[in-house]
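Below is one structure, written out as structure tokens; comments come after it.
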Amino acid sequence: MSAEGYQYRALYDYKKEREEDIDLHLGDILTVNKGSLVALGFSDGQEAKPEEIGWLNGYNETTGERGDFPGTYVEYIGRKKISPPTPKPRPPRPLPVAPGPSKTEADSEQQASTLPDLAEQFAPPDVAPPLLIKLVEAIEKKGLECSTLYRTQSSSNPAELRQLLDCDTASLDLEMFDVHVLADAFKRYLLDLPNPVIPVAVSSELISLAPEVQSSEEYIQLLKKLIRSPSIPHQYWLTLQYLLKHFFKLSQTSSKNLLNARVLSELFSPLLFRFPAASSENTEHLIKIIEILISTEWNERQPAPALPPKPPKPTTVANNGMNNNMSLQDAEWYWGDISREEVNEKLRDTADGTFLVRDASTKMHGDYTLTLRKGGNNKLIKIFHRDGKYGFSDPLTFNSVVELINHYRNESLAQYNPKLDVKLLYPVSKYQQDQVVKEDNIEAVGKKLHEYNTQFQEKSREYDRLYEDYTRTSQEIQMKRTAIEAFNETIKIFEEQCQTQERYSKEYIEKFKREGNETEIQRIMHNYEKLKSRISEIVDSRRRLEEDLKKQAAEYREIDKRMNSIKPDLIQLRKTRDQYLMWLTQKGVRQKKLNEWLGNENTEDQYSLVEDDEDLPHHDEKTWNVGSSNRNKAENLLRGKRDGTFLVRESSKQGCYACSVVVDGEVKHCVINKTATGYGFAEPYNLYSSLKELVLHYQHTSLVQHNDSLNVTLAYPVYAQQRR
């Protein structure tokens, strides 16, 4: 039997003070039985004003706790059918003062957050944090059609959920967990992030721009622009995209799970935005944005399901001239762990039928992505792996990725999808890359390196100047909006004063006319005109400020446009510069000479002060190779060490290693790939025959060529000093 109840959302964190209380975290959803309010003497309508009720007794749907919580800490959402609890009487009790928003955010971060920031959890080409991917995949596998998904609380308490989230992702097995526990862990994950998926700065901007936006579609375009701002890490946008895909998938089976776009947006917009100061009107705007994103954005992009493949024709080495027994690492078209952006670059302006294979961005072991050129566009096709078999869709019939690719080099992919009537004709070979370096002697190549590096630095400075203008203009726009709001309030006060004076002036003017007191009449009229004149001045000032704001908003958009136009040039210049640098490095050019061409101020060969290369501690692998140590142990080993101190360990990614190095006082981590061509940090730099050879090279070559934030060499093995 169900009873009528009410739903509330927590606006602030609250730490329970008595045994009968429950904790509140920002965004928690709570339900209160109507009968419990009636028993306390409250009538219909008062439920919408929890701050006037005082203390409420209810159920926290997010944490699974039941008890008392302060009405000043929550906002009313609406009515809901619930299972009736037994209300318990309680003596009168004073309410705590609701904290200010700024304090709440800080407290929330300290008390609730146990997860690192999204920018620290993953990096492109990954599409989302590994832990989030695991949770979503497990939920979709177990509960896609569950009619109580995300609305029924499991028996797990917050501490147990946090313990689950703290587990090592690689070894985490979610098969044993009930779907409702997984759903609670999913919501707890979103709550425990130090910053919401849609940052507060974006939410604030969305709400402040509300008067200028005409439709929800404009809101969505504005959201995309704000969250893609250079000041916000790209991981936030990727995570939002991943979550929207999950919500869309749920909404596709809403006839069974009852989770349509509206319900999902009401459930998750508080967790995605986490914006406590929004009015009910603004909250509805934010809910509507998520609803439209779920129901339209992904509905348009979702591809039609793939047709089941026909049984493959038997192929042999004899009749197709291809070797199905070749290892994947040796295949010229297999590029390993490269990003989608790099793939797009390699396939740009190529003929239909051009293809390559890379590791799938989901990082599920054995899954890959085939990227194929068709109709002038890149088509991404997932290669699945299960029970030792590979294929594009069930049933998986190929024994290896090589066998699968070789099959479709002879047969059209129309067997798999009628719209893909093309064969895999032209592999993009990792062994035959375009020869960017045309010059044939070291001095000539060095001069070209200097030219490209100079162009790159000029473009970088131009981009930095634009970014400073972009930030300054954004701040000025915000200040002008605040000033306009202040003008509006001032005008409102003056107009009210003017109306009051006008009302009373009529009475006094009539009185003074009867008395023949012309002086007082003139004084009243003068004061009234003075007040009207002041209002007119303020209105003019506001109008001028609004005109300035429009001009500055146009300038802001123009700066944004110019920044976006410079980005491709920056990427291309850096890529070309790095290829020249790699060519010179392979020819054995010393860092001193490279510094001269790169225009670095400190061109002295710092390594000439060190003993001969043979005396370097790097030759002893025990000084830097720590074996199967994990990320946390690596950070503990390197904490407090000087810049350039490093170690190499086995990576959680099978067959690879990780380098951990101190940069600007912080420990950074980067993957070392192991490929058919050798070890390296990225294609086409995977050239070193051993880890030792790679370490010796980067002992005098900066890692900055692979990552702008890693301007450091592998100078000091972590155990070197202890062994001296």
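From the backbone N, Cα and C atoms, a Cβ is placed for every residue, glycine too.
Now, the feature entries from Swiss-Prot:
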COMPBIAS  84-99  compositional bias 'Pro residues'
MOD_RES   SER2  N-acetylserine
MOD_RES   SER154  phosphoserine
MOD_RES   SER279  phosphoserine
MOD_RES   TYR467  phosphotyrosine
MOD_RES   TYR580  phosphotyrosine
MOD_RES   SER608  phosphoserine
REGION    79-112  region 'Disordered'
SITE      ARG151  site 'Arginine finger'
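Structure coloured by features recorded in Swiss-Prot.
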residue : record                 : Cβ within 10 Å
ARG151  : site 'Arginine finger' : 17
SER154  : phosphoserine          : 17
TYR467  : phosphotyrosine        : 14
TYR580  : phosphotyrosine        : 22
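The closest partner of TYR467 (phosphotyrosine) among the recorded positions, by CA position, is TYR580; the full candidate set was ARG151, SER154, TYR580. The two recorded residues, ARG151 (site 'Arginine finger') and TYR580 (phosphotyrosine), have Cα atoms 58 Å apart.
SER154 (phosphoserine) and TYR580 (phosphotyrosine) have their C-alpha atoms 58 Å apart, to the nearest angstrom.
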